[in-house]
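> Pasting a structure here, questions to come.
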């Protein structure tokens, strides 16, 4: 469709005209204009909602909201075209078969062997061995070999050695969806463990000997402690309501030596609404400070994040400080349980704070234990009530921790943002389906590529420059401050306003330090070469030493730093209340686009690879350096004044 | 008056000191004329706390049996608690602290008694003279002159003796203009934008009154800053309604008919007691010990502090935009021109002028736009957020400015030569200091108090290399561009370094800072090594070639 206008979200006056293309996998908008022809690519699987608004004189507006928090506003001249686009997108954005997803057609040009290697990068067997199991207390159980006991569990599950197949099967029959207690994390230092399950089918009075034995076995696997915590991550009211449906929670009287604890994390529906409300706040056009803070509070989002963190902190404390094992469950044990177990693991074990470690953690607590990726993130058309930002919340918890412990994580914010992006993109097979069973049936590993290999290949882009393996923050358990610490939880604009580059700090400390570190490394190498040459010269005197000094392209390095300044010259609308300050105009037009350049750049090749930005940014810098002092785009004196007039009349 | 009269109990033993995130300490408390001194007296690890009485904002006392507790809330927002055995001692100490922390006479303040332990390399009192500023200006333009019309502070009591004004306006005209402006604050040059020759002026409101009085000299003065055929902008920091009401009291604003070349923009910036209340509410919210997330956000919102930050930044950006983008001269004023006016003009310079983002340049900015420009520090900073005094002239105007600088700093972390600690240090010294720099309300008062002769300047201390090194930003790379901050709510954050400084553990953040410094330092060391080696090799090679 031609002559489509792409509107700027913050100012309807700034719009670019271009052509809209729909392909089997992407929506592509190509800007008219001979020089740049900027492109915006959006994967169909990223589209979360499409809204056709009332036709106006200029055309028919179409609003596309994406799951990675991008919002695209198009105006299509002809109502008919708009309707066609709308209908097509609705169909394309909601595939009904897995085979329609992008990962089955995505080909990064790797051979078969490389693909297989990619899938082997994260190996859970290796991970359990790293934790220290199997050992005297824990063993692999094959009861779920053919998914015979629980179809949402992996085939290989670690259970206490004293738990016989009879106990496991008996316990599984007493648990929702037969998700029996299984090992999530084992603490080598003190034998304490984190186990996970679903809620017991206790109703008002039912009990199950095998389930009681199972919990007993978990306690015995930690000889240092005479009780275990059972943590129900739901609000007490929700858990009690479940009893009426024959489900519920453990009765302390029936189980010997347990301490039962509720931690009120709300359910997926509350979380979905909360995110919705927060995104509405993010989308406000020039909100006041009060609008924003009030909206943020009203959404309850940060309160929910804190609830998840508090649960993780409680468990980490029980394991690390008290040496007590913990059994965690919610209702089905695949949402809140996954969040809480992985936050606790992250606090306990520095390994999970490395790049590889976080991949392993997601693979273990989320992918292998049957977190319903397909349902939660709406990869295939399904029940909208199943959709909920469960893993987004975990990813945010990691970010909140990174803010509090800046040296503790090997990866940077970009790493988290890209993982979030790909959970929704369906470009890689990792997050497909709802369980391991389904993925095996679909032969995901043979037919698609692994995200982890892709991220690993580009790991230089994801490094946190402040991370040093010997640093104290990279050792042992993290102890976030518990109370009073509300102010420690902050709004994550890097994620939820990811595509509004104008809102972010204009210079990135991370990128700057990475550039410095890179230069440092080159200097180290050069130093070595120079020292060698010096030694040679001193030794052999003669002049046949012609090793060329490794010339550093210093200017290039510097260029890398200063490109950070690029957005510096991009003023915002500072006088909204005056209805647009004077000729916001001419000189502005081209600069505001910088945000678009970046947007487009991120999505080109449907890979949110921010590292590619540096070129673009320096390009922008040229632009912005030029424009204030003159250049072809500046208005004539008169036109400038005209717009002044208009403005002040309005003001 | 002897301080001894106020100190009934100069010393108490077995006092316990409680500070947030620190283990309690047992030790001895001593009171002197200007300090509260606590010493742990432990052989292995003696720890001392010296607190200026003038840093104390409020004192509360409580008793449980004969154990008295004094809670001291400081102007830098810290709260400490002292447990003192003995009711009488405790009462005596509390009343002494109260008396000593609220002395009325300036000349009894610590700066008049302070004797520095360091050698003065450069006298800060003469580090930033307007004459030097003018010299720089004359090298790029000859449209301005230095006027000594206010030599005896006779034309404007709150202006410095020398000011920069357009060359074509003589002192006689300035005297007339002064009569037409509130408090005699006639328009003077605040900033000259070298890039396009545009100027930022500041003044107080014109005294037009209800009958629309005009002053030809005033019109001529500000018109002198315009290029022919170009317009200028008057940024009035009051809403139109307030400006109109001001006419009833003899004040007013520039009317179109008399200033046809000027466009007036009203950009409201909150002032005085509203700011002080906002400050108090914010600090209350930060000290709230409850666990409820909703309450934190709603209290933060209700304090309106960030709203004021956003408004102020927006106004400053607007002024900068007029100058840099519209190529227009700007006149900024509110009512008196000593508060919101200075906030706007100084922040606009941070945005426009790379020099103001250096340490030296920022110091010069504070001297020029705040101290010399007559911001009444003594009135505004007499008390901080914990005081009950509620005097209407108390307001965190300067703190708000510092926080805005911090907000810009956060968005451009590599463009400032100084770090956050530098800004925090200025906040502390504005409220309580051993130096005389922030005493008095204007240059006139400072001259009468003979501050330069009798006290030490803050700048004499700060600009010593060993102090400076603490305030340097390791990430700094000179950035000659204009820097436009974002003023969207998503881009503004609470200044934790000031408001949560005592309420959060800072260990991990400090470690991160050290790590950053370390990375840069190591890089520089390597660079130096490599360069030295290169030179050495080059010399050896040329030596060899010569031999051949």
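Heads up, the Cβ atoms here are built off N, Cα and C, so glycines get one too.
According to TrEMBL, the record shows the following:
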DOMAIN    A:118-496  domain 'Myotubularin phosphatase'
BINDING   A:267, A:268, A:330, A:331, A:332, A:333, A:334, A:335, A:336  substrate binding site
DOMAIN    A:299-343  domain 'Tyrosine specific protein phosphatases'
ACT_SITE  A:330  active site, phosphocysteine intermediate
REGION    A:537-651  region 'Disordered'
COMPBIAS  A:545-556  compositional bias 'Basic and acidic residues'
COMPBIAS  A:560-588  compositional bias 'Polar residues'
> Using a Cβ-Cβ cut-off of under 8 Å, list the residues of the same chain that are 6+ residues beyond the ends of the domain 'Tyrosine specific protein phosphatases' (A:299-343) and lie near it.
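152, 175-177, 179, 181, 184-185, 187, 190-199, 215, 218-219, 221-222, 224-225, 227-234, 238, 242, 247, 258, 261, 263-268, 270-271, 274-275, 277-278, 280-281, 352, 361-362, 365-366, 369-372, 376, 388, 390-391, 393-394, 396-397, 400-401, 477-478, 480, 482, 486, 489-491.
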> Provide the three-state DSSP residue tally for the domain 'Tyrosine specific protein phosphatases' (A:299-343): helix first, then strand, then coil.
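Here the numbers are 31 helix, 4 strand, 10 coil.
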> Under 8 Å between C-beta atoms and at least six apart in sequence, can you list the same-chain neighbours of residue A:332 (substrate binding site), or say none if there are none?
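Long-range Cβ contacts: A:176, A:177, A:179, A:198, A:199.
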> Using only the Cα atoms of A:267, A:268, A:330, A:331, A:332, A:333, A:334, A:335, A:336, which the record gives as binding substrate, return the largest interatomic distance in Å, rounded to a whole number.
12
> Can you give me the residues near the recorded substrate site, meaning same chain, not A:267, A:268, A:330, A:331, A:332, A:333, A:334, A:335, A:336 themselves, Cβ no more than 8 Å from the center of the site's Cβ atoms?
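Going along the sequence, the neighbours appear as A:233, A:234, A:337.
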> Counting across all protein chains shown, how many other Cβ atoms sit within 10 Å of the Cβ of residue A:334 (substrate binding site)?
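So the number of other Cβ atoms within 10 Å of residue A:334 (substrate binding site) is 26.
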> Among the binding-site residues A:267, A:330, A:336, which residue has its Cβ surrounded by the fewest other Cβ atoms within 10 Å?
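Candidates: the binding-site residues A:267, A:330, A:336. Fewest Cβ atoms within 10 Å: A:267.
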> Give, as a single whole number between 0 and 100, the mean pLDDT over the domain 'Tyrosine specific protein phosphatases' (A:299-343).
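Averaged over the domain 'Tyrosine specific protein phosphatases' (A:299-343), the predicted model reaches a pLDDT of 95.
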